[in-house]
Ligand SMILES: NC(=O)C1=CN([C@@H]2O[C@H](COP(=O)(O)OP(=O)(O)OC[C@H]3O[C@@H](n4cnc5c(N)ncnc54)[C@H](O)[C@@H]3O)[C@@H](O)[C@H]2O)C=CC1
Ligand SMILES: O=C(O)CCC(=O)C(=O)O
């Protein structure tokens, strides 16, 4: 058997962590024949709960799990890792926007960026899930200057999955038949879920649905507000679906995207589609050999242009706020 992929999950004793470590251990991300070494990080008061999670991983008897390292020390958690799922952060409660978490959570990602820089492999692939995910990923990368910027990403795959599921439900087709839904911008209520380039069984979604008012109205707001709707119903934020999306994101990054298909990831903007360079903007990307590239040349109409501008403006504001928080914490 190959040598294990060393994978860190932060916030491993939390809600998302509980589903995520099982999915990684089951082979859903790195493959059913690839052993994994699970490095599980949480804060000192959660070490008891984390021990329980470790007992359960053992009791699952997962063939892929080579070893499990529970710890509250980032130096141990990030040591020589190949992949990181940065989940550990405060979730929002009812009535909050994700950016309300910025002041509390951005400092975590500064400290973890510094630790990744010191202890992780330079090839480490970092997925930030903790909110506000795009801006946390930006800060994390900023404090890890010896790791290439391309190795940091933020999760908008849950939004992509939500968009795909909404279209499938509307058309009464299996979800796998819907392809190439795009999430542009921020993982927030300004995100732009865009199905202008999506297909269902090869046919354009706009033709198949044949209801532009819905696609440009309720469809978009349903996806934008889905996280809040789950909080209102569960009194807790999305966890199972978030863990599944994190696995989908890392699996696409590790294994690549099929020809003709793309996925959405928050990545460093290079100014494509007139977005602000340097913010972590969600774009459609192709992935090959563990390298993503932004899909170029998609036509952007005036409606889409306005949406991209609004979400880009919010990302620039979040970036400026986050920089002030980090500067004040020096
Ligand atoms: N990008 C996305 O699509 C989504 C993002 N999220 C975000 O993911 C984050 C985690 O959500 P849940 O698991 O539901 O929260 P949770 O509160 O159940 O778990 C968070 C865990 O992180 C730990 N933690 C806090 N600070 C830490 C640190 N410095 N180092 C390591 N661990 C630390 C906590 O002790 C806790 O065990 C939240 O910020 C939430 O908003 C949630 C769903 C989707
Ligand atoms: O909306 C939230 O803050 C909860 C978690 C999340 O980011 C989501 O469900 O999309």
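Cβ coordinates are placed from backbone N, Cα and C, and glycine is handled just like the others.
Per TrEMBL, these features apply:
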DOMAIN    5-152  domain 'Lactate/malate dehydrogenase N-terminal'
BINDING   11, 12, 13, 14, 15, 16, 17, 42, 105, 129, 130, 131  NAD(+) binding site
BINDING   92, 98, 131, 162  substrate binding site
DOMAIN    156-322  domain 'Lactate/malate dehydrogenase C-terminal'
ACT_SITE  187  active site, proton acceptor
How big is the Cα-to-Cα gap, in Å, between residue 162 (substrate binding site) and residue 187 (active site, proton acceptor)? 12
For ligand 1, which among the recorded positions 11, 15, 130, 162, 187 have a CB under 6 Å from it? 11, 15, 130, 187
Quick one: Cα separation, residue 187 (active site, proton acceptor) versus residue 11 (NAD(+) binding site), in Å? 19
If you tally other C-beta atoms within 10 angstroms for each of the recorded positions 92, 162, 187, the top scorer is 187
Please check each of the binding-site residues 11, 13, 15, 162 and report the ones with a CB atom less than 6 Å from an atom of ligand 2, ordered along the sequence. none
Taking the Cβ of residue 15 (NAD(+) binding site) as the centre, count every other Cβ atom within 10 Å, in any protein chain shown. 18
For residue 11 (NAD(+) binding site) and residue 131 (substrate binding site), what Cα-Cα distance in Å is obtained after rounding to a whole number? 12
Going by DSSP assignments with H, G and I as helix and E and B as strand, what are the residue counts for the domain 'Lactate/malate dehydrogenase N-terminal' (5-152)? 67 helix, 28 strand, 53 coil
